[in-house]
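Copied from TrEMBL, the annotated features are:
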BINDING   Pro135, His136, Ser137, Arg138, Gly139, Leu140, Gly141, Ser142, Ser143, Ala144, Ala145  ATP binding site
COMPBIAS  8-30  compositional bias 'Low complexity'
DOMAIN    107-188  domain 'GHMP kinase N-terminal'
DOMAIN    271-341  domain 'GHMP kinase C-terminal'
REGION    1-38  region 'Disordered'
Amino acid sequence: MHKLGQGLAPEEALAPSAATPPSAGNAAGNHESPQLREPLSAPMSFHLRVPATSANLGPGYDSMGLALGLFDEITVHAAPRRGAQAQVQITVEGEGSETLPRDASHLVVTLVEKILNAKGFSLPDLEVRAVNNIPHSRGLGSSAAAVASAVMTADTLLPEGLSEDEKLQIGSRIEGHPDNYVPALRGGVAISWQDAPNALSSGSEVRRSTLDTGDGAFRTAPLLPHPRLRTVVAVPNFEQSTQVARDLLPAQIDHSAAAQNSARAALLVHALTSAPELLLDATEDALHQQQRRPAFPGSMALVDGLRAAGFAAVISGAGPSVLVLADSDAQASAAAQRISALGGPDAQGHVFTPSILPIAGSGVTVEAHQR
């Protein structure tokens with residue numbers, strides 16, 4: 001859990017008029033401000049479990065995603081500050097164990113502090129143990145997992161917590177787009193979108209978010225996946241920058257491509273919920289995968305080979321992992337075998353390793369922990 005998408009800084013993700021108490025002003029990130037209050041009156045310990053995610057699912061670019069049964073685990077011991085500055089100790093196992101910081105500059109801690117500061121509270125002393133199982137920079141939502149973990153840690157530390165709307169808006173704005181973040185937060189399969197600037201949402205009453213800063217609130221709707229739906233991920237032994245992949249996208253697309261993609265995205269909702277036998281047709285994309293082929297040619301070659309064999313294969317998120325949506329256990333097993341046959345090593349030594357994973361029905365969870 002380490003890198004963010006094209007989101008806002010955490011303090012910008014909170015609309016000051018709605019999220020910051022008057023006494024707190026704009027204290028985000030100000031360690032010395034006397035206006036920041038201590039959130040804890042006694043030590044507390046808790047454990048978080050947050051799933052990997054896969055976004056886009058073919059034609060659902062920046063709008064559709066699902067949670068996968070692969071989890072990062074974080075244990076937090078928090079206590080009232082013993083000094084002017086919070087004392088932070090971090091242990092990291094698994095992904096990022098050799099590169100991630102062990103102090104308050106760790107992404108999760110940084111986000112927690114920003115959220116607490118924006119709500120008028122200081123960061124308490126923390127001891128954090130992170131066991132990272134989600135691969136980094138592979139298109140499986142490691143940054144969304146970090147953001148969801150930070151939001152729920154802040155929610156647990158705050159005396160009055162965060163509302164469900166705050167959790168959605170803050171995390172989506174930090175991450176930059178909700179397609180990965182919403183499944184990490186809530187689990188399952190979801191469609192997410194952003195209101196037009198200053199728009200009113202549908203319903204019998206005005207439903208603008210209290211955290212809508214004017215550029216449009218984020219919304220989400222869960223989908224109930226068909227009971228036959230299975231997922232297979234092919235994870236490569238190399239990383240890919242999300243920004244590099246995004247930079248390859250054209251600024252404009254033609255009308256026919258937009259029409260084709262909207263039809264497939266609509267069909268994808270039907271296939272995911274009611275007719276998984278249509279997944280191959282439903283996962284055709286016209287917006288982003290071919291355009292980003294130069295960023296991950298090996299991944300696209302694997303997608304091509306799997307689709308030619310009848311499997312609904314797509315690039316997972318911004319790549320380079322590949323996701324297969326299968327309509328049965330047998331098809332998932334066959335897809336995993338095909339990935340093993342097609343997935344390298346290639347001339348560059350790239351290898352894709354398949355894993356059959358369930359869809360995680362729950363997003364990030366928080367449980368009390370006995371120290």
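Placed from the backbone N, Cα and C atoms, the Cβ positions cover glycine too.
When the neighbouring Cβ atoms lying within 10 Å are counted for each of the binding-site residues (Pro135, Gly139, Gly141), the highest count belongs to Gly141. Of all the binding-site residues given, namely Ser137, Ser143, the one with the smallest number of surrounding CB atoms inside 10 A is Ser137. Around Ala145 (ATP binding site), taking its Cβ as the centre, 32 other Cβ atoms fall within 10 Å, counting all chains.
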